[in-house]
Amino acid sequence: MTFPNINPVIFSIGPLAISWYSLSYVIGILLGWFYANKIIEKFKPQITKKNLEDFITYAVIGIIVGGRLGFVLLYNPSRYFSNPIDILKTYEGGMSFHGGALGGIIAAYLFCRKYKINFLSLTDIIAPVVPIGLFLGRIANFINGELYGRITNASFGMIFPNSDLMPRHPSQLYEAFFEGLVLFSILAYATFKHKTLKKCGLNSGIFFTFYGLFRITIEIFREPDIQIGFILDSLTMGQILSVPMLLLGSYLICQSNPK
């Protein structure tokens, strides 16, 4: 299959370029805010709409700073230590979900500490929202022709312009489907059908567990980052970073259902 050559830049005004990647962040945050408000309206949890509105600034800073620093420190430290100014070039791409997640968690902790809010009550509201951003972000990765999969002989293998012109798994679409659509559906079903907000930490545990499982599995089809390659002969950085998420998620699920 031929890659649909879509310009990563939607439009430019002088030096200002609006990319699909940056737009995915903006739309993801807006849709997430809207969806979280709907959850609050229906279930009336400890978290209020005013709390959510106040948290947005914390979340944006935590996600962007954490995502960027995560990529810099975990995926390409030599380049950025040699050229520190490149750290600011976020328009070139280069964000780590695991770094963004950690940044968001730290931001949530600081926010909850300041406003004396239960930490897991906040993350349980945020958990069902995150797959929206994951879906849009992976679609943007696909449009950019980055983070593509390993070489395949399958009929749906796709030739990406930035690769070696060999057919590859469109792993960005696999991630958009499982980490985005499927995970969103699981959490929506849990939240609205099984009223999981009544059990503190359960939504957060479901998110971490299923994200970890999906990411570890899909990494089998994704090409390792060229500057890192395989770790311990067969593991990728994404798989290694997802194991703690899987363990944390399992713990949160267990502690939310004490015997």
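Note: Cβ is positioned from N, Cα and C throughout, glycine not excepted.
Annotation source Swiss-Prot lists transmembrane segment at 16-36, 55-75, 92-112, 117-137, 172-192, 201-221, 228-248, citing sequence analysis.
Among the recorded stretches 55-75, 201-221, 228-248, the one sharing the largest number of Cβ pairs closer than 8 Å with the transmembrane segment (117-137) is 201-221. Long-range contacts of the transmembrane segment (228-248) within the same chain: residues 74-75, 98, 101, 205, 208-209, 211-213, 215-216, 219, 222, each at least 6 residues beyond the stretch ends and with a Cβ under 8 Å from a Cβ of the stretch.
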